[in-house]
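Features of the protein shown, as given by TrEMBL:
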BINDING   LYS129, GLN192, GLY223, ASP254, LYS398  UTP binding site
BINDING   HIS224  substrate binding site
COMPBIAS  16-25  compositional bias 'Basic and acidic residues'
REGION    1-25  region 'Disordered'
Amino acid sequence: MLNVPAEGKVRGHQRAPSDSKEFHELTKRDALRQLENDLDRLLQTAEPEKRPDLQFEMERFAELFGRFLQEEGPSIDWNKIQKLPENAVKDYSSLKAPKNDQIRSMLDKLVVIKLNGGLGTSMGCHGPKSVIPVRSDLTFLDLTVQQIEHLNKTYDANVPLVLMNSFNTDEDTEKIIRKYKGFRVQIHTFNQSCFPRISRESFLPIAKDFDVEKDIEAWYPPGHGDFYDTFRNSGLLKKFIDEGREYCFLSNIDNLGATVDLNILNKLVGDERDAKPVEFVMEVTDKTRADVKGGTLIQFEDKLRLLEIAQVPKEHVDDFKSVKTFKFFNTNNIWANLSAIDRVLHERTLNLEIIINNKTLENGLRVIQLETAVGAAMKCFNGALGINVPRSRFLPVKKTSDLLLVMSNLYNLKNGSLVMSPQRMFPTTPLVKLGENHFAKVKEFLGRFANIPDIIELDHLTVSGDVTFGRGVSLRGTVIIIANHGDRIDIPAGAILENKIVSGNMRILDH
């Protein structure tokens with residue numbers, strides 16, 4: 001039988017009359033009881049040897065569901081947000097580099113963790129997103145392994161790489177990492193949880209049994225906030241603490257800017273460490289108009305914490321998006337003390353806000369996914385700190401427009417890391433918008449460029465419609481290319497477009 005605390009923390013905003021309140025409490029308790037019964041029924045369909053682990057996982061899901069039932073409205077009282085204290089966010093430029101002879105011992109206290117649960121479906125690719133080639137036929141995973149191997153070789157260190165997979169990426173990833181056998185980097189993997197999607201109508205799982213492969217739509221990985229529990233349950237947290245490691249550096253595998261930074265590490269385990277340890281660091285960077293939906297840092301109830309757009313009351317969403325009010329946004333590059341993670345889990349004080357993700361499946365069924373975010377744990381740690389890092393540490397590849405940037409001459413590849421070309425006069429990245437209909441999928445995108453244009457001097461590119469690019473095209477300043485429906489534009493080989501708007505129809509045919 002599932003064993004779950006029935007009462008969560010009620011976050012009330014408006015008090016209903018008591019009889020109505022009692023009615024709601026009863027229906028909530030009823031919903032939790034029904035869910036527990038349904039999960040028990042599901043567990044009976046699992047293979048007997050897998051049941052104990054699955055039961056533990058379902059208990060965690062029922063606990064999450066119980067908390068979801070108790071939540072009422074946004075979890076932030078807007079009027080209680082305090083001004084960020086002076087020292088809450090440190091500027092990266094104030095950090096000192098470590099002495100060379102200390103780097104090896106510092107690196108031996110580090111574990112690198114990459115969130116590798118996502119698929120490449122949004123970019124039209126099959127399998128894990130981490131195996132999409134991004135540069136010189138190297139994938140996200142190749143670049144990560146190269147970076148860490150370079151660190152280990154340069155400093156004679158032994159930094160391990162840990163991949164948090166999901167049931168969507170696990171099997172493919174395990175096959176792929178075999179090719180790194182000869183590399184000087186130890187690779188460990190573990191799986192995040194596999195939780196049942198809940199029907200929007202009945203609040204019950206839509207899965208009929210525990211055969212995940214058979215009905216993959218009925219299950220989901222519950223966001224990266226799941227990292228803490230599953231990392232501990234995998235045995236890796238204890239293993240690394242026993243080895244004398246102190247911190248993990250965690251980031252999304254598709255953020256090509258998230259490399260091990262020795263200045264930040266020096267602040268945590270080197271000469272620059274504070275007398276009172278910093279248990280949690282969130283790298284933030286200056287917000288631009290393109291980042292208005294990203295999570296930000298606030299001081300709330302005297303603790304530094306992450307504020308996501310989903311937690312904001314509707315009437316304050318515009319305030320949240322303001323670049324003036326909230327200057328920073330979360331890059332999801334996080335450094336956390338391993339012993340502190342162990343303590344917070346042991347004390348059961350890890351209380352992550354629930355992100356409610358409503359989805360409609362292909363068959364029209366409306367479901368709810370309950371998720372949590374890894375950065376939301378910030379408030380649960382002592383001595384949390386924000387570090388305002390350069391934009392170059394946030395280089396995510398979510399769309400083909402990002403892929404255009406990282407494949408171009410804007411960056412040079414050095415030991416698995418992308419470094420902005422010294423020929424670029426200013427450090428900002430160009431704003432690139434590519435039309436969804438013709439450029440969204442990687443294969444289509446690649447088919448439209450004979451090779452990637454020179455964009456060293458580009459500020460802004462918008463491309464819409466049926467457009468192709470010849471070899472050796474150079475784009476500078478602001479370039480807008482619009483092919484209307486039924487038209488096609490072929491940008492000729494060697495063309496230089498500087499501050500140009502191109503529209504209409506332009507075909508170049510071989511004869």
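Glycine too: its Cβ is placed from the backbone N, Cα and C atoms.
Those TrEMBL annotations? Automatic predictions, nothing curated.
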(request) Pop the Cα-Cα gap between HIS224 (substrate binding site) and ASP254 (UTP binding site) into the table, whole Å please. (result) 14
(message) Highest Cβ count within 10 Å among the binding-site residues HIS224, LYS398: which residue is it?
(response) HIS224
(request) Specify the count of other C-beta atoms within 10 Å of the C-beta of ASP254 (UTP binding site). (result) 22
(message) If I take the alpha carbons of LYS398 (UTP binding site) and HIS224 (substrate binding site), what is the distance between them in whole Å?
(response) 16
(request) For GLY223 (UTP binding site), list the number of other Cβ atoms lying within 10 Å of its Cβ atom. (result) 23
(request) Identify, in sequence order, the residues in the chain of GLN192 (UTP binding site) that are 6 or more apart from it along the sequence and have a CB within less than 8 Å of its CB; answer 'none' if there are none. (result) GLY117, MET164, ASN165, SER166, PRO221, PRO222, HIS224, ASP226, PHE227, THR230
(message) Within its own chain, what residues at least 6 apart in sequence put their Cβ under 8 Å from the Cβ of LYS129 (UTP binding site), listed in sequence order?
(response) GLY118, LEU119, GLY120, MET123, PHE140, THR169, ILE253, ASP254
